[in-house]
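Participant: Here it is, the structure, as structure tokens.
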Amino acid sequence: RLVKKKSTQHSVDDESMRGFASMDIDLKSTAEILASFAAWWILYLGSKVALRIFPVYVSWDSVTQYKARGIVPSTAFLLLIVPASIWALAYDEELKHTRVKGKTELSNSIIAVAAGYFMYDSLIVYWHLKHDGVAYLVHGVLCMFTYLIAVMYQVYQFYGPVFLLFESTTLFVNARWLLYELKMTSSSLYFYNGLALLLSWIFVRLVFGYSYSYFFWIDTIDAHSKGSLNFLIILWYTTANIGLNFLNTIWFFKILKGALRALRGKKA
């Protein structure tokens with residue numbers, strides 16, 4: 001009996017390893033990931049020179065200058081990835097049939113670009129961990145591996161564009177930071193941007209995010225029951241989903257706290 005149990009355990013382990021050995025990443029996907037990674041770095045480093053034409057940037061301290069440089073690739077990424085994700089979800093008919101396994105050319109390219117961006121993001125946050133904090137590093141690393149695995153194993157490519165819509169809220173986060181540093185906290189623009197940030201966070205990251213997380217779990221449980229997806233991949237994606245939803249919820253309460261302070265006439 002002991003021998004039989006041990007053999008069964010080896011069989012399960014072997015099956016898991018075979019699942020992870022079935023990586024299928026082509027030259028095009030690799031090139032897209034690396035090109036994306038390089039592009040965000042070039043944009044970040046180029047902004048170090050370009051932003052010097054603004055006297056206010058030159059007057060800021062080194063930490064504030066670093067934050068300002070980070071806004072450039074961050075904003076460029078969301079302006080690229082959010083419309084592309086909306087387009088994929090609206091017009092890519094094949095994508096609706098690849099919720100757990102499979103890919104389309106468009107979804108794979110979108111996710112490859114996202115993987116390259118979060119590789120850049122994780123690295124730069126790690127280098128400036130003292131200023132960005134552990135939460136941002138955890139977020140970057142979770143996203144990086146989530147999108148890398150999606151490309152390498154062609155899994156969850158329907159949910160890639162879905163959850164990349166979260167990046168739309170970053171536009172208001174970046175604008176809020178910039179308006180604050182420009183000392184425009186008493187302006188109507190600052191107030192309405194803060195309101196847009198709060199509402200978009202509620203509807204995009206919480207209502208929309210938790211709703212599609214429910215569908216993600218339904219699809220994942222179904223895939224697990226059919227044995228159509230490797231257990232270690234399922235473990236990673238369910239852990240990442242819980243972790244990212246947790247971060248979104250924690251950050252929501254911080255945004256809400258800032259909004260309440262602003263409504264009371266205090267400096268946010």
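Just so it is clear, glycine is given a Cβ too, placed from its N, Cα and C backbone atoms.
Dumping what TrEMBL says about this protein:
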- 33-58: transmembrane segment (TRANSMEM)
- 66-264: domain 'TLC' (DOMAIN)
- 70-90: transmembrane segment (TRANSMEM)
- 110-129: transmembrane segment (TRANSMEM)
- 136-156: transmembrane segment (TRANSMEM)
- 162-179: transmembrane segment (TRANSMEM)
- 191-213: transmembrane segment (TRANSMEM)
- 233-256: transmembrane segment (TRANSMEM)
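So that I understand the layout, could you describe where these features sit and how close they are to other parts?
Facilitator: Long-range neighbours of the transmembrane segment (33-58) within the same chain, counting only residues 6 or more positions beyond its ends whose Cβ lies under 8 Å from a Cβ of the stretch, are 65, 68-70, 72-73, 76-77, 112-117, 119-121, 124, 148, 151, 182.
Per-residue confidence over the domain 'TLC' (66-264) averages 95 (mean pLDDT, predicted model).
Non-local neighbours of the transmembrane segment (70-90) in the same chain are 40, 43-44, 47, 51, 104, 106-107, 110, 113-114, 117, 120, 124, 160-162, 164-165, 167-168, 170-171, 174, 177-178; each lies 6+ residues outside the stretch with a CB under 8 Å from one of its CB atoms.
Within the same chain, residues 29, 32-41, 44, 66, 70, 73, 77, 80-81, 84-85, 88, 136-137, 140-141, 143-144, 147-148, 150-151, 157, 160-161, 164 sit at least 6 positions outside the transmembrane segment (110-129) and bring their C-beta atoms closer than 8 Å to a C-beta of that stretch.
Taking Cβ pairs closer than 8 Å, the transmembrane segment (162-179) reaches residues 67-68, 71, 74-75, 77-79, 81-82, 85-86, 89, 110, 114, 185, 187, 189-190, 193-194, 196-197, 200-201, 204-205, 208-209, 212, 244, 248 in its own chain, all 6 or more past its ends.
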Participant: Same chain only, please: residues at least 6 beyond the ends of the transmembrane segment (233-256) with a C-beta under 8 Å from a C-beta of the stretch. Say none if there are none.
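Facilitator: Counting only partners 6 or more residues beyond its ends, the transmembrane segment (233-256) has Cβ contacts under 8 Å with 19-20, 135, 138-139, 142-143, 145-146, 149, 153, 155-156, 163, 166, 197-198, 201-202, 205-206, 209-210, 213, 216-217, 220, 223-224.
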